[in-house]
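Asker: Input: one structure, supplied below.
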Amino acid sequence: DGCGHTVLGPESGTLASINYPQTSPNSTVCEWEIRVKPGQRVQLKFGDFDIDDSDSCHSSYLRVHNGIGPTRTEIGKYCGFGFQMDGLITSKSNEVTVQFMSGTHTSGRGFLAAYSTTDKSDLITCLDNASHFSEPEFNKYCPAGCVIPYADVSGTIPHGYRDSSSLCMAGVHAGVVSNTLGGQINVVISKGIPYYEGSLANNVTSKVGPLSTSLFTFKTSGCYGTLGMESGVIPDSQITASSILEWSDQTGHVNIWKPENARLKRAGPPWAAFISDEHQWLQIDLNKEKRITGIITTGSTLAEYYYYVSAYRILYSDDARKWTAYREPGMDRDKIFQGNTELYQEVRNNFIPPIIARFFRINPLKWHQKIAMKVELLGCQFSIGRAPRITMPPPPQNKNDDKNDDFSDDFIHSVKTSLQTDKTTFTPEIKNTTVTPSVTKDVALTAVLVPVLVMVFTTLILILVCAWHWRNRKKKTEGTYDLPYWDRAGWWKGMKQFLPTKSAEHEETPVRYSSSEIGHLRPREVPTMLQTESAEYAQPLVGGMVGTLHQRSTFKPEEGKEASYADLDPYNSPIQEVYHAYAEPLPITGPEYATPIIMDMSSHPSTPLGVPSISTFKAAGNQAPPLVGTYNKLLSRTDSASSAQALYDTPKGQPGPGAADELVYQVPQSVAHSTGSKDE
């Protein structure tokens, strides 16, 4: 009378004391006899152990024995509150006896343990959850009997289960292991979600759960697709039933709840049987053998008709004549599947192992008011592996042909016999795959080439975009007032001298200087170029330097003595070999700015002599403006001490258009020759 939850499977199981996890009653006893296949041994693992040890294991204890019956031998005797047993208790044979004794006590939960054969080295108990393991992915073996009322599950497939859920109980809910047999689970840990849905599947009710830091899912074979009831792949003609409910409503309309109405998630009425008894059935023809791994059912889904099936059997056949009821391995009775508890909720049940059949039949056993349901089948295609090709070995070199023939016949007969034996005694290994090996290679090659091509084209596009941006940026680097690159060469400066001069009407146009041209000037030339700031004075003419200047321009130099004027006094220069041909004296009423003549003889030696270049400036004291141009000879005179007029002699030679190279200018007679420096 001390036995609690107990499931003893052929390879694994679960056992617990009475009332676990509550305090077990006094003076109770329970004994479990565990047997596995001969040649194997049993290992025992405790999930929880809490037995009163106040009398040193005298009246309350747990004892484990090797063997069963009078010949058994004790392995160990255990008691204690919160006793931790990290290791496994292993037997020496395929039989073990577990004895629980509960004496007089006031506390103690008792125990819960799991067992399996010793080849399941990763055995866990029904109380282990995902938070007990730190690996992101791991494999564990769940024992049979983990559908227990004191373990919780939150979540469902395919979204996942909350990390606080029992691993093995969630595995039963997901349909990856059987509660009767147990099995291996492959667990994957991932980030949690805010909300976990609840559902009913495989007699396990999953609860709604709140946010958690992590969740877990199961890796499966993938054979859980729908087989065509909802989608309509299965035609109406392949859905039949034992009877059909027909009735007329108050308006006289005839309602027929036909078998083809039994499609999951289809609007409208379901299939309903005319007679409600245990002999009714709904049959589905899959047209060929399929691998059926599960079924989903609902009730009528009509609020005014509260009909549903709460329990049913499953039968299957290859010819629709001989039917086989589904049973779990090792069981001697048909399995009864839990159905719906109300008319809307979808309830899933999985078949472990799966059903291989063409015809599928549902036999309702319990229902509410009337037999009515909608269904969907889960599974995948089923294909039998081809038999291996027989390769005949070459006959032995023997002169006796009759013996060779006998040998060949015996060999073929033995091969045929072995193939027939294999076909009847072994289930072929089924792999859920949709591609052949050759297609797999092509897919792998494509998976490599496509990313490479994408990267190459992306790189080319980036290079073109960068080149386009660089080109635009290079164009923008030329300033608004900068000269183009072809106007900065020296030859163009000379070519400017041969272009026709502009008329005097345009001499009021201001002259713009680029930063690059000023950079080409000598240090002594820069102050003169930059000294004009007033808008009423234009920049002076620089012959042969900037091609955009006019022939005449005025400027107002800054007052004061400039350092660049110190050693450039033209009046201290010796007699020059070249003189101005026609120097026009300034009138008395004229401006106070002298008008020097600037001639660039080196730039255009053969050009006819035209109007001389004239520039007006205001000199500071006796200082003359600096000379601009490498080969320009500037001769000027300003008599600030005496008269405002300056007299100039005529040239020694006759002026003419063709004698520009031979012109010689004299110094004005009224000015004494002074020592000057030669302009370099």
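Backbone N, Cα and C define each Cβ position, glycine as well.
Note: TrEMBL annotation is automatic and uncurated.
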Asker: May I ask you to indicate which of 16-39, 64-87, 232-255, 640-663 is given in TrEMBL as region 'Disordered'?
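Answerer: That would be 640-663, per the region 'Disordered' entry in TrEMBL.
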Asker: Can you check how the pLDDT averages out over the domain 'LCCL' (120-216)?
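Answerer: Here the predicted model's pLDDT, averaged over the domain 'LCCL' (120-216), is 94.
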Asker: Which of C3, C30 has the fewest nearby Cβ atoms, counting only those within 10 Å, among these disulfide-bonded residues?
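Answerer: Counting other Cβ atoms within 10 Å of each of the disulfide-bonded residues C3, C30, the minimum falls on C3.
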